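Asker: Submitted below is the structure of interest, expressed as structure tokens.
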Protein chains: 2
Amino acid sequence: MTYGELDQLAINTIRILAVDATSAANSGHPGAPMGMAPFSHVLFNKFMKFNPKNPSWANRDRFVLSNGHGCMLQYALLHLFGYDLTIDDLKTFRKLGSKTPGHPESTDTPGVEVTTGPLGQGFSNAVGLAIAQAHTAAVFNKPGYDLVDNYTYLYFGDGCAMEGISSEAASTAGHLRLGNLIAIYDDNHISIDGDTNCAFTEDVLKRFEAYGWHTLHVKDGDHDLEGIEKAIAEAKTVTDKPSVIKLTTTIGFGSKLEGTGGVHGNPLKADDAKNVKVKFGFDPEKSFDVPSRVYEAYGETASKGAAAEQEWKQLFAKYKGEYPKEAEDFSRRLDGRLPEGWEKHLPTYKSTDAAVASRKLSETVLTKLYPIIPELIGGSADLTGSNLTRAKEAIDFQPPSTKLGDYAGRYIRYGVREHAMAGIMNGLAAYGTIIPYGGTFLNFVSYAAGSVRLSALSHVRCIHVATHDSIGLGEDGPTHQPIETLAHFRALPNCMVWRPADGNEVSAAYYVALTSKQTPSIIALSRQNLPQLENSTIERAIKGGYVAVEAENADITLISTGSEVGICVDAVKYLKDNHNLVARVVSLPCWEVFDTQDREYRLSVIPDGIPVLSVEVMSTLGWEKYSHEQFGLNRFGASGPYKQVYEKFEFTPAGISKRAVATVGFWKEVKPIRSPINKAFIQLI
Amino acid sequence: MTYGELDQLAINTIRILAVDATSAANSGHPGAPMGMAPFSHVLFNKFMKFNPKNPSWANRDRFVLSNGHGCMLQYALLHLFGYDLTIDDLKTFRKLGSKTPGHPESTDTPGVEVTTGPLGQGFSNAVGLAIAQAHTAAVFNKPGYDLVDNYTYLYFGDGCAMEGISSEAASTAGHLRLGNLIAIYDDNHISIDGDTNCAFTEDVLKRFEAYGWHTLHVKDGDHDLEGIEKAIAEAKTVTDKPSVIKLTTTIGFGSKLEGTGGVHGNPLKADDAKNVKVKFGFDPEKSFDVPSRVYEAYGETASKGAAAEQEWKQLFAKYKGEYPKEAEDFSRRLDGRLPEGWEKHLPTYKSTDAAVASRKLSETVLTKLYPIIPELIGGSADLTGSNLTRAKEAIDFQPPSTKLGDYAGRYIRYGVREHAMAGIMNGLAAYGTIIPYGGTFLNFVSYAAGSVRLSALSHVRCIHVATHDSIGLGEDGPTHQPIETLAHFRALPNCMVWRPADGNEVSAAYYVALTSKQTPSIIALSRQNLPQLENSTIERAIKGGYVAVEAENADITLISTGSEVGICVDAVKYLKDNHNLVARVVSLPCWEVFDTQDREYRLSVIPDGIPVLSVEVMSTLGWEKYSHEQFGLNRFGASGPYKQVYEKFEFTPAGISKRAVATVGFWKEVKPIRSPINKAFIQLI
Ligand SMILES: [Ca+2]
Ligand SMILES: [Ca+2]
């Protein structure tokens, strides 16, 4: 295949759109788009399978720009191919309310698969997308029906390569032998601090070889279109390993400052922008000026993509005739519908049932749902036996050659890689046929904070099974005992933090997590046994908060979560017996869900007239929102048997009662005592 | 060198102490100590330089157990060599209040250099310790005076090797050519999920070669003491690269379950414990039974270490004679004393001074202090030009061969490696001669959460320069705009979160950060310009909170931080002009410091009688602690020019005033209106 003048024109059009958009915004990153334009031209026109008129076609190739600051590259491509992104959208790059924000957001722009920008995230998302493809193919493809055979193409730069999360994800991809993943490393020798020689001198390809990847090098990524095409073609032939193509490019190609840090994160100077246009044969006085021939050529590629989807639809129709059950399941998953009646399989408990650790209760839920919800794909960051995340009959997701499982397997061994696990889960969820959950200790969800944040921002349904959720883990000590973790994620918008107190609450947490298609969840679970509460039901708990112990003419409300709710229940008796005080208890397993209930309900749970004391064995930060006084742990924990640790910090009926007495006394003189539910104004949403 | 029966006895003693302590605790990890005992015996007796009677000898070799769950190995060694850790301390392993917690904590146990357990952390700490050695040697060593020539020895396991932070740190160490760092990879093929084949099949040594490390392999780490000795000796001869020794061992060596996951995280069964003792020639009925010959042998090594320190002291005395200035500086740093009068160099501002971005004000502080505090070692995770963390005259810390700097340089190019940067800073601080600071965007301090947590837990003075601290960063958009970050770290115990509003507050933040020897700080700084406040002084701001605008008979207190304080000041006029309401303004740059002020002062800042409205352009979580009503951003931000983004979310004098009016109206009927400073009881500390 030879390339001609039209190819060069198209490549330069992409470059100039990046120059114009960053100039118009007076902000942004022109350098990477200018360097990566040649590769992108070849990849999108010769290899990638996509239909701009239907960005959600199930078998489309996935494209991930992990170096998301180069998003004008992606926006330019999406525009030229005819996605719903106009030239005016490019003109409003980085402007308020535009479809072209400063970094790619899957919720804002058609054709953007995952939200990237925070470096390394896209890398792990791409691994997730590739796992999802391999799994979906293994489950649904049939002889003669390659229903799912898409590739995932991933761009990453030096910044992504330096981030730990991409090391974790790359090692995982190598282990899993994901032949459907092709990564392109933009080797432009520049990061924000200047030449990568100042901090990044490792041999990147050798590192990827060590992970088990197939490696290639295109030495002249600026000009060698044939070499690029050959490399992609070769990568596609290697089906038992992921491939990485090191693409040596000149950042800001065409600019007076090409090859320097000067073109990385700032628009070109006005005279340089003109210089680039002249150099590329464009009118220096015009902006956003796309040659019609380029639109036509890219339109042809788009038409081929539309035709490919048509063909695929016919294949699917035939498949539906032959495999109606599978076809229905495939469609159901893509629609995000759960199997009819699945919720009837959630376990329920009576207060006479035995005390059980909530991590164990979670295992029961997962085991019950395993045969019912086939799109539920689990895993753990090397803590399977502690997180209890694996249904007994589960098969591991493994390359068949390992003899440890196969690609139809539904349990992923993430290794000790919390951050990549969460990033991979985001990719799994973005693929469309999978609901991922993954386990680690609550304390180590913090390692994954970068990815959890992007789950929330990009509205994907991931479930974090976060066990060993407090000082209740005991002997492992303060290095493993979360204090700040719940406050952290409660402050994160669009992320549900659950801390269930018993079996029904665990079922409720999963019910809401699974039915919230746009929101990730963190379910904090105890290591230690917890009693089943008298008043708990799934129906009550799915409101996020409810009255666990009601009392007439109460003096105080105790409000609590998880393992401390049972202790509060015991404190009710202690308070009556020792202080003649009447207490009621509220269980508040999920703040975010409780906040969405109507005011009347919330006030019935946390009523006016009596003070509220919160009880949770970690940071009190934020509990003022629901209580007048707070009992918590604003310090690190201690290593020892958990009951002794609880005693030490006075999380006992006596310790709670002491503070309840102080609370009642302290609030006597205030009239009226208003429930903290009452606020002067409503926050912006 | 040949090894005999006494060596084997010592090795087995270590193993059996690990068995006994985990059995007594009924909890813990015997496997790694049993596997790593032979190597440790050789390393500590033949190579390591340490004096158990003075664990803080400046030139001691540093030992870091990154696989901290194997801490009984370290505790056993410390005990046998005569550190202040008795056999009774071993008997109380993992018990409440003991000196032997479930994971090694530098604050609890003499001889433990850094707090480890969360996997990968120790790896990055060791890189920090090695950088610190190289730097300290380059600054203080003189011809004939190798004052500082210690090595750092690092153990890490499969779990650490999988964590992204260790990849980041290893790549950094390779780039920096840290020949003083010798890492031992415990290749025992087991992690919690079982055989590492299930998730971790990369070629670890090849990966380290790619990073630029010297690699070695000891194939029989269970028996080959000569091979171990040879490998360590060889590693020491390679002075221009860090070395990694892959040590193939049998986890739980001697147990019936040796080589399996069964000995990783659980004590041996009683009969197996006996079996091990019999196998090793110990009395199966006795526990914690150390042969006196082992004490004697280890005591001899300890004596040699004491003698070595004596010799070093003489060297230092001579050095002091010849280089009195350097000697005094060296001692001063080790004592943690800052140079006399340093604080006079902190810049101060008048309200008539120009508006300046607080990241720029931070640069001014760092530039002023650069020549005054030589132990201040800076850096950035590839955002130098954005974080403004580099004093203009700074020299980079680089291997001289790069010609980009030298080891005496004081500016570290961390690359895009936030997590490793924070972990390395913990190691730098732990070395004793350095105060580290490092920059990234506030949003990406979250990537480093695991290490920041350990700074706080282990009481080290690290300063995180966290710029671009809100939606005020503008165009980069929601992927880069922190919402939950301040709440997260405010909830973290022993971590100061500063968000200064102007120049004097920036100086105050640095003043407190630098003088708080036991506490890390995060200083959140704006991208955009901020006016200098009327009432701000360093003296006021170091109290963590003060009255920025006072008013008699005020109707409301507005309480705020950073960039919003200036807007609140403007809102005072707006409220007067448009609503005839009198407002006062409180600036609260650091909650943690404000909380340590006496009650009277805090009540003078946030007085009884009028309602308080908080204003901060991120999550309101926790602000209820200081205010009756909260104005914040409990959603993600937006990409656009920052002034428009502020307008969109109504963080303007008009937007604040609207909410202030609602607040005053809403609280009219409550009597008395109590300051939120008043609490019914005091939290446990
Ligand atoms: Ca949340
Ligand atoms: Ca804090």
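Glycine too: its Cβ is placed from the backbone N, Cα and C atoms.
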Asker: For the thiamine diphosphate site that TrEMBL gives with A:His69, A:Gly117, A:Pro118, A:Leu119, A:Asn188, A:His264, A:Phe444, which of A:Gly159, A:Gly415, A:Gly472 also belongs there?
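Answerer: Between A:Gly159, A:Gly415, A:Gly472, TrEMBL records just one in the thiamine diphosphate site with A:His69, A:Gly117, A:Pro118, A:Leu119, A:Asn188, A:His264, A:Phe444, namely A:Gly159.
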Asker: With A:Asn188, A:Ile190 listed by TrEMBL as binding Mg(2+), identify the candidate in A:Asp158, A:Asp203, A:Asp220 belonging to that site.
Answerer: A:Asp158
Asker: Do you know offhand how many angstrom separate A:Asn188 (thiamine diphosphate binding site) and A:Asp476 (substrate binding site) by C-alpha?
Answerer: 45
Asker: State the count of C-beta atoms found within 10 angstroms of the C-beta of A:Leu119 (thiamine diphosphate binding site), not counting that atom itself.
Answerer: 30
Asker: Return the count of C-beta atoms lying within 10 angstroms of the C-beta of A:Pro118 (thiamine diphosphate binding site), excluding that atom itself.
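Answerer: By my count, 27.
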Asker: Output, ordered by sequence, the same-chain residues six or more apart from A:Ser386 (substrate binding site) with a CB under 8 Å from its CB, or 'none'.
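Answerer: A:Arg359, A:Phe441, A:Thr467, A:His468, A:Arg527 - these are the non-local Cβ neighbours of A:Ser386 (substrate binding site), listed in sequence order.
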Asker: For A:Gly159 (thiamine diphosphate binding site), which of the binding-site residues A:His29, A:Ile190, A:His264, A:Asp476 has the nearest Cα in space?
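Answerer: Comparing Cα positions, the candidate nearest A:Gly159 (thiamine diphosphate binding site) turns out to be A:Ile190.
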Asker: Looking at the recorded positions A:Asp158, A:Glu418, A:Asp476, which sits with the largest number of other Cβ atoms within 10 Å of its Cβ?
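Answerer: Comparing the recorded positions A:Asp158, A:Glu418, A:Asp476, the most crowded Cβ belongs to A:Glu418.
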Asker: If H, G and I count as helix, E and B as strand, and all else as coil, what does DSSP give for A:His69 (thiamine diphosphate binding site)?
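Answerer: Assignment for A:His69 (thiamine diphosphate binding site) reads helix.
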Asker: Chain B sits near which of the binding-site residues A:His29, A:Leu119, A:Asn188, A:Ile190, A:His264, A:His468, counting only a Cβ gap under 8 Å?
Answerer: A:Leu119
Asker: Measure from the Cα of A:Asp158 (Mg(2+) binding site) to the Cα of every one of the binding-site residues A:Gly117, A:Leu119, A:His264, A:Phe444, A:Asp476, then give the nearest.
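Answerer: The answer is A:Leu119.
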Asker: List the binding-site residues A:Gly117, A:Pro118, A:Arg359, A:Ser386, A:His468 whose Cβ sits under 6 Å from any atom of ligand 2, in sequence order.
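Answerer: Checking each Cβ against ligand 2, none of them comes under 6 Å.
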Asker: Quick check: in three-state DSSP terms, what is A:Phe444 (thiamine diphosphate binding site)?
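Answerer: It is helical.
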Asker: In whole Å, could you give the widest CA to CA gap in the substrate site formed by A:His29, A:His264, A:Arg359, A:Ser386, A:His468, A:Asp476, A:His480, A:Arg527?
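Answerer: Across A:His29, A:His264, A:Arg359, A:Ser386, A:His468, A:Asp476, A:His480, A:Arg527, the two farthest Cα atoms sit 48 Å apart.
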Asker: Determine the minimum-neighbour residue: among A:His29, A:His480, A:Arg527, listed as binding-site residues, which Cβ has the fewest other Cβ atoms within 10 angstroms?
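Answerer: Counting other Cβ atoms within 10 Å of each of the binding-site residues A:His29, A:His480, A:Arg527, the minimum falls on A:Arg527.
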Asker: For A:His480 (substrate binding site), identify the closest of the recorded positions A:His69, A:Pro118, A:Leu119, A:Glu418, A:Phe444, judging by Cα separation.
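Answerer: If we rank A:His69, A:Pro118, A:Leu119, A:Glu418, A:Phe444 by Cα distance to A:His480 (substrate binding site), first place goes to A:Phe444.
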